[in-house]
Amino acid sequence: MKGKLEPSERQKLIEEGKNLKEGLVTLEEDLLKLTDELQKEAQSIPNMTHPDVPVGGEDASTLRNMVGEPRKFSFPIKDHAQLGKDLDLFDFDAAAEISGSKFYYLKNEAVLLEMGLVNWAVSEVMKRGFTPLTTPEIVRSSVVEKCGFQPRGTNTQVYSIEGGDQCLIGTAEIPLGGIHMDSILLESSLPLKYVAFSHCFRTEAGAAGTATRGLYRVHQFSKVEMFVLCRPEESDSFHQELIEIEESLYSSLGLHFKTLDMASEDLGAPAYRKFDVEAWMPGLERYGEISSASNCTDYQSRRLGIRFRPESSSSSPRKGKGNSAPTQFVHTLNATACAVPRMIICLLENYQQEDGSVIIPEILRPFMGGLHVISYKYK
């Protein structure tokens with residue numbers, strides 16, 4: 001166009017330029033649509049699976065560890081819902097009127113128990129080098145998806161806010177995963193170890209009829225969550241560290257529990273390997289899940305764009321562009337330190353006494369104003 005052209009030739013090129021511009025707009029629209037479709041397809045692909053993970057459904061999960069023994073009672077025992085009613089600790093009826101089913105009010109010593117459990121769990125995990133955080137409890141839907149959860153669909157566990165692109169969190173793992181989104185971290189800053197307190201919100205879609213009594217399966221609860229970002233070669237050892245922290249916490253409460261290496265069909269999309277802890281709940285007459293610890297390798301970090309740049313081991317780094325090592329994706333891991341309602345179930349049912357009172361485990365008493373026992377309010 002800048003050269004000397006015949007008018008007819010110039011007009012021909014102008015028309016060709018217009019056609020190219022229009023074609024480019026169409027291609028860009030197609031690219032956006034295809035990128036969205038590709039993203040949706042990619043989200044349906046789960047993580048790889050650790051070679052030692054048992055293959056099959058939940059029944060194929062294998063026992064890793066068994067701690068303690070079930071307490072033997074010399075009197076008829078109650079479940080936590082009955083204990084809570086007798087000791088004036090819960091109000092499910094008022095919560096059902098205000099909010100619907102699977103909500104609750106905690107009252108009296110149950111409030112102290114929740115706050116004591118949270119402070120105890122955070123302080124114990126901090127002793128192991130974790131940085132404490134509180135997190136946003138509303139996050140963008142895209143962050144939920146990048147962490148491997150599905151915010152849409154008939155059986156989603158996620159509450160979405162109508163008319164926007166935000167969701168309530170089902171676990172602090174989601175905002176913790178997002179805190180370093182689209183970042184290149186210094187290798188010297190790794191590992192990053194966080195312990196976060198948050199409220200969690202879950203629809204519990206598809207869970208009707210499965211252990212719904214009392215506090216076991218609820219829509220809103222408090223939780224203390226551990227989260228680690230580390231070098232790829234370290235994630236297996238941090239997975240062991242997380243499950244050891246969990247086992248240490250629950251042992252110190254005097255609970256009887258077992259640790260399971262969960263089978264492949266029970267892993268969920270992000271997990272490469274997952275260990276669950278199930279504690280004995282004598283009132284419910286069964287084991288119930290109280291925590292899990294998952295190694296998600298680079299499944300979340302690829303989607304979230306969290307990388308680190310390995311530092312050169314050479315003592316005399318070369319000048320120029322060749323000096324920088326290519327970036328790598330970090331590995332992410334998450335684990336529950338304390339899911340409050342399930343912990344309250346364990347403590348009430350395991351520490352109930354013949355007179356209907358409940359003993360507070362010694363380790364929690366400093367976090368509950370020195371309270372030793374939960375007794376009847378009215379004789």
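Including glycine, each Cβ sits where the backbone N, Cα and C put it.
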Correct range for coiled coil (source TrEMBL, candidates 10-44, 45-79): 10-44
Which recorded positions sit within 10 Å of Ser292 (ATP binding site) - Cα, from Thr171, Arg202, Asn334, Thr336: Asn334, Thr336
Max pairwise CA distance, angstrom, over record-listed L-serine binders Thr171, Arg202, Glu225, Asn334: 18
Environment of Thr171, Arg202, Glu225, Asn334, the listed L-serine site - residues of the same chain whose CB lies within 8 A of the CB centroid: Ile169, Gly170, Ala172, Glu173, Ile174, Ser198, Cys200, Lys223, Thr336
Cα-nearest neighbour of Arg202 (L-serine binding site) within the listed recorded positions, His219, Phe221, Ile290, Thr336: His219
Shortest C-alpha distance to Glu225 (L-serine binding site) - which of the recorded positions Glu204, His219, Ile290, Thr336: Thr336
Spatial neighbours of Ile290 (ATP binding site) that are distant in sequence (at least 6 apart) but have CB under 8 A: Tyr250, Phe257, Val277, Glu278, Ala279, Thr336, Ala339, Arg342, Met343, Cys346
